[in-house]
Amino acid sequence: MRLLQAEELFRKVLDGGSKAKAARLLGLDVGSKYVGLAVSDEKNRIALPLSVLSRTKTNINLMADDFKTLASKYSLAGFVVGYPFNLHGQHSPDAVQVRLLAGELCKTGKLDDLCYTYWDENFTSKCVEALLHPLNLKNRDEAKTMTDKFAAVCILQLQ
């Protein structure tokens with residue numbers, strides 16, 4: 001897995017879209033316990049919620065396997081990883097866990113043929129929570145996974 005500037009990854013996707021099968025992107029909303037996932041459509045115009053993966057210190061190889069499966073299933077060119085900048089455009093304290101996850105995924109060697117970039121995720125979860133609030137979801141776990149999936153949609157949709 002190789003880190004690219006956002007423009008490089010998006011150019012790769014555009015160039016890959018001229019092949020028989022379109023290159024898509026996977027959006028990741030990285031949290032301390034969960035990673036929300038969203039996938040772009042084949043024309044990279046619309047982001048769709050996909051799922052949520054549990055995140056622990058011991059399941060990084062399983063996560064890499066899941067990402068490899070998704071890469072194959074959806075013809076992924078790479079990942080757009082939500083990155084928490086502060087309001088001044090500098091790294092926030094939460095950015096450490098995002099970089100840690102990316103580094104751990106790279107170390108597995110299972111995703112070497114994919115690229116990733118970081119994208120500002122400011123307020124994505126808060127916006128989704130505000131949108132979901134009227135649904136009055138009673139189940140806390142359901143509300144959390146819904147928030148994580150749709151935050152990943154926001155990250156991918158805003159790029």
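Using the three backbone atoms N, Cα and C, a Cβ is placed for every residue, glycine included.
For reference, TrEMBL has these:
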type   : residues : note
DOMAIN : 23-128   : domain 'YqgF/RNase H-like'
For this session: Express the predicted model's confidence over the domain 'YqgF/RNase H-like' (23-128) as a mean pLDDT, rounded to an integer.
Result: 90
Seminar exercise, completed: Reduced to three DSSP states, the domain 'YqgF/RNase H-like' (23-128) has 34 helix, 38 strand, 34 coil
